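Reviewing the structure listed below.
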Amino acid sequence: MAGAGGGNDIQWCFSQVKGAVDDDVAEADIISTVEFNHSGELLATGDKGGRVVIFQQEQENKIQSHSRGEYNVYSTFQSHEPEFDYLKSLEIEEKINKIRWLPQKNAAQFLLSTNDKTIKLWKISERDKRPEGYNLKEEDGRYRDPTTVTTLRVPVFRPMDLMVEASPRRIFANAHTYHINSISINSDYETYLSADDLRINLWHLEITDRSFNIVDIKPANMEELTEVITAAEFHPNSCNTFVYSSSKGTIRLCDMRASALCDRHSKLFEEPEDPSNRSFFSEIISSISDVKFSHSGRYMMTRDYLSVKIWDLNMENRPVETYQVHEYLRSKLCSLYENDCIFDKFECCWNGSDSVVMTGSYNNFFRMFDRNTKRDITLEASRENNKPRTVLKPRKVCASGKRKKDEISVDSLDFNKKILHTAWHPKENIIAVATTNNLYIFQDKVN
């Protein structure tokens, strides 16, 4: 499987697993988002309990190639608390829907995190010195009586144990009527967008009390509503361009230079439906759960229920590549509809060189597709392979007929074990995969 480096086949091996082993998982511990920062040295996860946990790549071990995939807890903080909307009598969950890192400009790191309604800008900074020797203040912070000061001292900085502080710098609230599903930082690093089911807003990172509505698909009569916005993202290089996907399987590319309200798209990406595949579930499974631009900005990837599609921005009428993630589930759509799994929102990600794409599946399986060799592989995130440097064995699912020894039957897949969130290190072959409440880190095997 090709990775950040290019076309050679890669053996993936286990590096770490984070989180408790319990079968009885608390709802608050379920991981809801995973994101590497721009250098890959930090990895953030958000959970349903409103917490953000940041892991840092082991600095000493970066030189030792077999330990590159070791991450240790750097900072943990409560990003969002549960709230109650008294006007609508609605509870607002604390669950973190998305995390996005800003590029590092100084010693501190900044990230955006959002729940259903409120976006917060967090500053993550280190402190390893503290001031000492104030004239009018005791070491515990109490003020002295100025009349007791007989000599003047020059305050000095003394070394202390490293402290990592997370402080909220901005809170962007009261701009979304519906649940926020996406945030995306613009390539100008000054603005970002936030999208809910029917609207997309544009924000400036310094201004919290005002945002511009750039897309509004809400009909005058809500009975005429036929689709909702499912994801949105800014282009990585062109600061005026963004895309948003819909529950009908379409992707619209908009140019903010054309008009203030981008209700008219510049391009519409849509694949004509094959009439022979039409069924009751067609519209549900064509809903796009994630859209991601390639690092180069030439392509974008979309994930629907059964497949991953790669689109060339210059070709709207069909994708240039389609990869079947779990086609063997097509015959199971009826039972997946009954247990609500058909509404699961799987995400997808690119590797650093845009040559491989990755997405999750059921039974704690995740899939990789090599765009150059057209090879694909299914791997499993499991504690059975949890010795460091254990090479992951490819898994195969048997759809029908006789099952070979190393295959797993489609009927024995566990639909409660699912990988919705994955992330790929921007520069190395290190991947982070979230199962229910565990974070697995895998890396390529280096001889």
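Every residue gets a Cβ built from N, Cα and C, even glycine.
What Swiss-Prot records for ALA2 is N-acetylalanine, and it gives a large-scale study or a structure entry as the kind of evidence. If you look up Swiss-Prot, you'll see 11-80 marked as repeat 'WD 1', on the strength of experimental evidence. Residues annotated as repeat 'WD 2' in Swiss-Prot: 94-174. Residues or ranges marked as repeat 'WD 3' in Swiss-Prot (evidence: experimental evidence): 175-218. Annotation source Swiss-Prot lists repeat 'WD 4' at 227-270. Look at Swiss-Prot and you will find 288-325 tagged as repeat 'WD 5', backed by experimental evidence. Marked as repeat 'WD 6' by Swiss-Prot: 347-381. Residues or ranges marked as repeat 'WD 7' by Swiss-Prot on the basis of experimental evidence: 414-446.
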Which listed range (175-218, 288-325, 347-381, 414-446) shows the maximal number of Cβ pairs under 8 Å with respect to the repeat 'WD 1' (11-80)?
414-446
Can you name the far-off residues of the same chain, 6+ from the ends of the repeat 'WD 4' (227-270), with a Cβ under 8 Å from a Cβ of it?
181-182, 184-188, 191-193, 195-200, 202, 212-217, 283, 286-297, 300, 302, 304, 311, 313, 316-317, 319, 345
Summarise the model confidence on the repeat 'WD 7' (414-446) as a single mean pLDDT, whole number.
94
